[in-house]
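S.K.: The following block contains the structure, expressed as structure tokens.
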Amino acid sequence: PSFPNSRAYSLVDSSQVSTFLISILLIVYGSFRSLNMDFENQDKEKDNSSAAGSFNGNSTNNSIQTIDSTQALFLPIGASVSLLVMFFFFDSVQVVFTICTAVLATIAFAFLLLPMCQYLTRPCSPQNKISFGCCGRFTAAELLSFSLSVMLVLIWVLTGHWLLMDALAMGLCVAMIAFVRLPSLKVSCLLLSGLLIYDVFWVFFSAYIFNSNVMVKVATQPADNPLDVLSRKLHLGPNVGRDVPRLSLPGKLVFPSSTGSHFSMLGIGDIVMPGLLLCFVLRYDNYKKQANSDSCGAPGPGNISGRMQKVSYFHCTLIGYFVGLLTATVASRIHRAAQPALLYLVPFTLLPLLTMAYLKGDLRRMWSEPFHSKSSSSRFLEV
């Protein structure tokens, strides 16, 4: 959810501007990393097919997870169950959850740092992979990014600083946007509509059933530091591991105001879920551009102006995301209460996208599996 600032008088302050900019940059960066992964996979498939002399129609990247209609329908239910487990049994599972979150954040932040490390190591070392036995083979850039990520997580565990938590949350956002795919507009609508209902229920109506705002309590509740728990279990003494702070888990972005009197917070789900939609439309824009170039620049429908045809779905949806985030922030400041950000983000992203797709004549193609090539069978016969 989008959380309000309790002591502010303007509708938008510096902390919320930071939230806007960072969330948009994460979505854009994650979407382009996803598109770049598609290009790399296509190049690998071409190399493999030319080397083997045969075509494998199922050659895909196993690390990429595509959400189907069934998963889109049941994901809000699974998220609700997880939320209830965290609400009722947080004291029992907080250490395990903290460790699992730290491991995932380490891998995700290493993925975020990988392009920078590749740029730094390219002039001074070859890109040969180093073998670590059963652990696999890794390049120098991958080892450097993983080492920096582990160091950052260790410092975060020792200090609990909000800036380090934000860095880990950024890595989680980029990794999820890059590795999770929405295959069609139908699945996108199912997923975002279900999550909208999930967000609205747990923010607005959970207090009537559980006598507490379940979403806000789970999102803002700090966890015991694993070092503190370990020192108590091993009876290492009162001064060993007891001065470490409790940890606010990287499930959100937080930014302090200019006065330092409050924090502006935005859950990473409000970045990742619209980000998956933006990643989908970016991939479709690229797919449509390639299709038009293959057909020698065939014009669009006659009732659509050339200016409308030049407007990409990605830019339209990104502007809608910004407007929806701004609306959620203003609503939280007016009502002085936490707001379900997806209540504003989903309509402001989906409705302009659906309208533009209908006007451009792409709605039917985008609705059901737009990336499946019709020429796959002929390609198989040619080989």
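Keep in mind that glycine also has a Cβ here, set from the backbone N, Cα and C atoms.
The transmembrane segment annotation in TrEMBL covers 15-32, 72-90, 96-117, 138-157, 163-182, 189-210, 263-282, 313-335, 341-359.
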S.K.: How about the transmembrane segment (163-182) and the transmembrane segment (72-90): at least 3 CB pairs under 8 Å, pairs 6 or more apart in sequence, or not?
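M.R.: Since fewer than 3 Cβ pairs under 8 Å link them, the transmembrane segment (163-182) and the transmembrane segment (72-90) do not come into contact.
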S.K.: Checking distant contacts: for the transmembrane segment (138-157), what same-chain residues at least six beyond its ends satisfy Cβ-Cβ under 8 A?
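M.R.: For the transmembrane segment (138-157), the sequence-distant neighbours (Cβ-Cβ under 8 Å, at least 6 residues beyond its ends) are 102, 105-107, 109-111, 113-114, 116-118, 120-122, 125, 127-130, 132, 164-165, 167-168, 171, 225-227, 244, 247.
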